[in-house]
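Take a look at the structure set out below.
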Amino acid sequence: MTQPAPAAEAAAHKTAPADGGSPWRATLARADVRTLSLLGVLAALILIGGVTQPDSFLDTDNLQLILTQASVIGVVTVGMTFVIISGGIDLSVGAIVALASVWATTVATQEYGFAGILFTAVVVGMGCGLVNGLLIAYGGMVPFIATLAMLASGRGLALQITDGKTQMVTVDGVLRLGERDSYVLGIPPLVLVFAAVTVVGWLLLNRTTFGRRSVAVGGNAEAARLAGIDVRRQRLYLYLLSGLCCGIAAFLLIVLAGSGQNTNGNLYELDAIAAAIIGGTLLSGGRGTIVGSVLGVLIFTTITNIFALNNLETATQQIAKGAIIVAAVLVQRRTANNH
Amino acid sequence: MAPEPPLLTMSGITKSFPGVRALDGVDLQVQAGEVHCLLGQNGAGKSTLIKVLAGAHQPDGGEITWRGERTALKSPIAAMRLGVATIYQELDLVEHLSVAENVHLGHEPTTAGFVVRARDAKASTAALLKRLGHGEIDPGRLVGELSAAQQQIVSMARALSHEVRLIVMDEPSAALDPDEVDNLFRIVGDLTADGVAVVYISHRLEEIRRIGDRVTVLKDGRAVAGGLPAKDTPTKDLVALMTGRNLEYVFPDRPTGPPAAEPVLTVRGLTRHGEFEPLDLDLRPGEIVGLAGLVGSGRSEILETIYGARKASAGQVSVGGETLRPGSVRAAVRAGLGLAPEERKAQALLMLESVTRNVSVSTMSRFSRGGWVDRGAELRAARAATRELSLRPDQPHVPVRTLSGGNQQKAVLARWLLRGCRVLLLDEPTRGVDVGARAELYAVIRRLADDGLAVLLVSSEVPEVLGLADRVLVLREGRVVHRAPARDLDEHRVLDLVLEGSPAS
C-alpha cells in the first residue's frame, strides 16, 4: 500500500476518496457499526435534550458544563479502557482519585503551590497504580482482588488524611484554571486536558508497541508470553497508566471543586467500567477502543444532565443508565454474532 | 433384519451459518447395533452434523426419522430423552465436581425430587466404570485430578448413565495411548452387541477398518458416499472421496548434501524431573530433527523447556554458542528460537486480531521507533512473510480466526520467519490441518530448512516424522530410546520402539 499525501481534510468529509485502496477508505469501512450506533445514541440524546429543554440544554454554559463533568470521569475511563483491554480490571480508580485529591490539597502540599498540587496528585496516583501493578503482575494476585484491596485502603487513607473535612484550595493558579477567564476559545481547560488525554490514549493504543502489547496480553496472555512479550512488565505498566490517569483526574477534580475531599470519586470505578463496556470494550480483554469509551462517558454525562434539567430523580436516572448498559451489550452481542 | 427400519435416518439436512453453508443436504442412515463411521476432512461438516444429531444445532432443512417416526431434535435434552448421547472431542466435564457427580449431572438420583442420594449415585457410577473396564477410578474423586484418558472414560460413563440407543463419539482415540484405544474398542464392541448404535468419527483409517461396519464420507457439507463397507473399501477410494485426490501425504525431497557442520542449537543434559531424563541434542542449520513418541512421552515438554516456557531442572541450552538463561522465553526468542506450539489457538494466536498483527507480534520493535509503530513498514514486512509461505487469503487485514487451520499455522510460521529466527520448534504442526493442506505445509517447512533454519519437529503421527525429518529421536517415557536417520526407520520399527523401548544406539 502506498502512503498517500496527507489529504486528511479532504478525506475527513463524507465523500470517500476515489481510489479504493486508500487507507482512509479502509478506516471508514472499519469504523464499525458500534461506533456509529454510539454516535447515534448521543445524537438522539442531544435531540431529546434540545426538545425537552430547548432553552437551557443547548445553552453554551450547559454544553460547557456537560463536557467539564465528562472530563474527570473521562480521563479515568481512558486508563480503565487500557486495563480492561489487557484482560484486567481496576476497581480502585475512585479511591485513587480520592486519595490523590486529598493528598494534593493538604496544607503542607499547598505550600508548594500549583506545581506541588499537580505533582502530588500525579505521583500519588502513579504510586497506587504501581502497588496495584506489582501485586497483580509480580505478586500473582487476581486484579479484582488486588484493586479491591486498594479501593478499601485508599479510601481509608484518604479519610485519615482529611479526618472527613473538606480541604479548601488556596492556590490562586489552580482556582483560576476553573474560571471563565481561562477558557480557550470558549473551551474550559479541563476539557482540553480530557481531549489531550483522549488523543494520547488513542495514539498509544493504536500506534505504539505499548498498545499492541496491551491488546495481545488481553487477547491471549499465553500466546503473548510465547511470542516473547514480557507479559508481567506490560501488566505493571498498564496499572501504572491507570494510576496516572487517576492522578490527572484528581487534579481536574481539585480545579473543578476548588477543594479536596475524601468522598471524591465515589463509584467512579463503576462509571468508568460501564462507559468502557458500552463503548465496546470486551470485559474479557483483547478488544476495545478509546473512541468508544469516550462516547460512553459522553452518553452517561449527557443523560445525567438531561435528567437534572428536567428535574427527574436520581433514582430514575440510575435505572436508565442500567438499561442502557444492558441494551448496549445486547446490541453488541447481536453484531458480534453476525460477523 | 430386513424389515426393521433403520434406527436413525437423516435426509437432506442443511445448516447454514453466516457466510458458510456447513451442511448442504446430508443423508445419514444408522442401523441399530452397528458402528457407523463418519469420515471427512476438517470443515467437511462432521462437527455440525453431530451437533444437529445431539440437538445442539437446529437444522435449516431436512428430515430426521428415529425408529421409523419423524422427529425433531429440538434441544440436547430432547436428543438425550430419545436415547442419543454424544461424547465430544473437548470433554464437557466439570473439573471441581466428583466423578459420580459428573456422571449424574442433570439427572441425579433423588429422594422427594431434590435430595441427592449420593450413595446410589456413587454405586451406579462404580458399576458403569467397571463395565467400561476402569473399575479403578474412584467415583468420589474430583474429575480435575484424573488423566485425560480417565476423563474420557467418565464422559463415556455419563453417556451410558442414560438409556442410550445411539452414541456419537467424536475422535475418541485422539488423546489415548494404544492400550487405552484397545479398551475403547472393547467397549464399543460390548455396546454394539447390546444393540446400541455407535457413530464413530476418526481421522485414523486403521481404526475405522478395525471396528467400523459402514462408512459415510462427508465433503464440503455433503455426503459424497453413504454406507460403504468399512472393512474392505480400498483406502485410496476413501481418500479420493475425502479429498478428490489420490494421495494422502506427499513429503518433499530431502536435501542431498550433508548439513552444515556447526550446530546452531546445542542441548546438554537438559532435564525436567518427572517429565524427561537428561537429553543431549545437536541441531544444525538446514536440518529437520523429529521427536517421535506417544502422548506423555515428554515430547512437548522437551520443546517447551528448550524454549524456556518451562524451567529446566538441570542442563543447558545454547544457541550459536551462547547459553540461554533457563526459564526465559524472552531470552530464547532473542537468541533466535521460535515455537509453533501444539495448541495453536490457545498458545500462539490472537484470534481477534488481524493476520498482520499476529505475524508482527514478536518483531514489533523492528517497526517502531521510540515505541511508535510504522504501520506501513509492518504491513510490508508481514505481507512479504505471509506471501513467502503462500498464506491464503492474501489479505493482511482479515482476522486470523477466519483462516483455515493450515493458514493459521502459516501465520505462526510467518511470525518466526519475519523475526529471522534460526531454530524453529514445531509441536504438532499439522494438527487440525486438512489432509490436502498438509503437503503444502510440509513443503514450506522443508523450504525453511533449506534456507538455513534448523527445525525440531514433534508429531504424534509417525509417518509425518519419518517423512519430514532427516534424523529421528524416539522417545519413551521421557527417555530417548533410539536415534537414527529417518530413512533407516519405518513406521513399524518406530511403533515397536515407543511401545517396547528396546534399548538401542
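Cβ atoms are placed via backbone N, Cα and C, with glycine included.
Features of the protein shown, as given by TrEMBL:
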- A:1-22: region 'Disordered' (REGION)
- A:1-18: compositional bias 'Low complexity' (COMPBIAS)
- A:33-51: transmembrane segment (TRANSMEM)
- A:63-84: transmembrane segment (TRANSMEM)
- A:91-108: transmembrane segment (TRANSMEM)
- A:114-135: transmembrane segment (TRANSMEM)
- A:142-162: transmembrane segment (TRANSMEM)
- A:182-205: transmembrane segment (TRANSMEM)
- A:236-259: transmembrane segment (TRANSMEM)
- A:290-309: transmembrane segment (TRANSMEM)
Select the range from A:63-84, A:91-108, A:114-135, A:142-162, A:236-259 that forms the most Cβ-Cβ pairs under 8 Å with the transmembrane segment (A:182-205). A:63-84
In contact by Cβ distance (the transmembrane segment (A:33-51), the transmembrane segment (A:142-162); 3 or more pairs under 8 Å): no
Same-chain residue ranges lying at least 6 outside the transmembrane segment (A:236-259) that approach it to Cβ under 8 Å: 68, 71-73, 75-76, 78-80, 82-83, 86, 88, 90, 93, 96-101, 104-105, 117-118, 121-130, 132-134, 136-138, 166-169, 174-175, 177-178, 189-190, 193-194, 197, 210, 214, 217, 265, 268
What parts of the chain pack near the transmembrane segment (A:114-135), using Cβ distances under 8 Å and only residues at least 6 beyond its ends? 90, 92, 95-97, 99-101, 103-105, 141, 143, 146-147, 149-150, 154, 169, 171, 173-174, 235-251, 254
For the transmembrane segment (A:63-84), find every same-chain residue at least 6 residues outside the stretch whose CB is under 8 Å from a CB in it, and list them. 90, 93, 97, 143, 183, 186-188, 190-191, 193-194, 197-198, 201, 204-205, 214, 218, 238-239, 241-246, 248-249, 252-253, 256, 265, 268-269, 271-273, 275-276, 279, 281-283, 285, 288-290, 293-294, 296-298, 300-302, 304-305
Surrounding residues of the transmembrane segment (A:91-108) on its own chain - C-beta under 8 Å, 6+ positions past either end: 72, 76, 79-80, 116-118, 120-122, 124-125, 128-129, 132, 144, 147-148, 150-155, 157-158, 161-162, 167-169, 242-243, 245-247, 249-251, 253-254, 259-269, 272
